[in-house]
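Asks: The structure follows.
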């Protein structure tokens, strides 16, 4: 047996070689939480429990320490790596393994993307008995400094010498003592320590539990969740910090609807989709994609797959602030955007006017988790659908399309592009679209929207004759 390899691994202890008491395990695969998966062997050489090992990679032989035992499986963390994987790499971030923001920095980027592609394929097969006719090339881009949205926890910790501002520690309610972050844009990472110092000076430092940040093309917004009003001295400190770091402060005293800009007032968050000549203003609490560079590529691919023509009528479901709706309106005759949030549909309408495509768009607010075949009928006939649901997926929409197909009572879109942030709900909905609504799964592929995490974003194309 080879010597233990002291590599940087989340949760690992590398005080020395593996002891005789630490069990040894060969890792076969990764699960959806980026844990190594292997099967223990009992004293008779027979397969035993499945072991999920944090910090282990496929192809590795490790020793491990279990922290949760169940009849059929155990959860564990790496103790030592006896045979490292060729996919293992040294994490760039000094706080990896403690901070819960990333789970895959120890895995080569190409391997990260390949594993996510396999997760997508496995979900489609195991949950829906489907294989795509083609697997699209993965969409990927910069792997560092990409995270343009984040929610940071603020905690006054006397034992740490003051205020902490950062992500939670891995599987913990504690806040990581982080002074930089490699996945945040460099200017935001450099702001973490000054932000701590700012909060320490505020009168409400122990009554401000959260800071939400959103990076736009011209300004970075920081939303302070304030449980009590700030005083005049606080206002001065915030203005000075905003001027020094070129940020805009917003205050949120209660729920999301209470968010309002504080200072400065003459700037506006936005992002752009240059390929389609779109400028998209948004509020810092609106849903927008975390990774602006990848979003541009994703929108371009989605529209090329959907292939809208000038005479087409297109339905954009879960349209948000118009991320796909507005580019579609540059190409199609009419685009109807449906979204569950009235706030977001109002923003989408304003954005359509801002970009001069309001003559080709209309928007409505509907609960798409309860939509029926009758609801789709009432909207009229559409040539194509674009569907971009949250993690819960588009079950009601898929069921409604299946019902229409089986009843033969209405036209169905010839093509559907489905953008997913959860491969299991995509697979579930794909099963309905293919097995019950008569579509073919023409292609699918991953979108590496969140490098160094186990999050799997994907895109799929369905067609029906």
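Using N, Cα and C of the backbone, Cβ positions are placed for all residues, glycine too.
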Asks: According to Swiss-Prot, 318, 323, 339, 367, 388 bind S-adenosyl-L-methionine; which one of 252, 268, 289 is annotated to that same site?
Replies: 289
Asks: Of 1-20, 21-40, which range does Swiss-Prot call region 'Disordered'?
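Replies: So the range that Swiss-Prot calls region 'Disordered' is 1-20.
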Asks: Report the member of 339, 388 (the binding-site residues) whose C-beta atom has the most other C-beta atoms within 10 angstroms.
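Replies: It comes out as 339.
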Asks: Under a three-state reduction of DSSP output, how is residue 99 ([4Fe-4S] cluster binding site) classified: helix, strand, or coil?
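Replies: It is in a strand.
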Asks: Non-local Cβ contacts of residue 318 (S-adenosyl-L-methionine binding site) (under 8 Å, 6 or more apart, same chain)?
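Replies: Those within reach of residue 318 (S-adenosyl-L-methionine binding site), by Cβ under 8 Å and sequence separation of 6 or more, are 338, 339, 340, 368, 387, 388, 389, 390, 394.
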Asks: Filter the recorded positions 289, 323, 367, 421 down to the ones within 10 angstroms of residue 93 ([4Fe-4S] cluster binding site), Cα to Cα, kept in sequence order.
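Replies: Those near residue 93 ([4Fe-4S] cluster binding site) - Cα within 10 Å - do not exist; the answer is none.
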Asks: Can you figure out which of 289, 323, 367 (the binding-site residues) comes closest in space to residue 102 ([4Fe-4S] cluster binding site), comparing Cα atoms?
Replies: 289
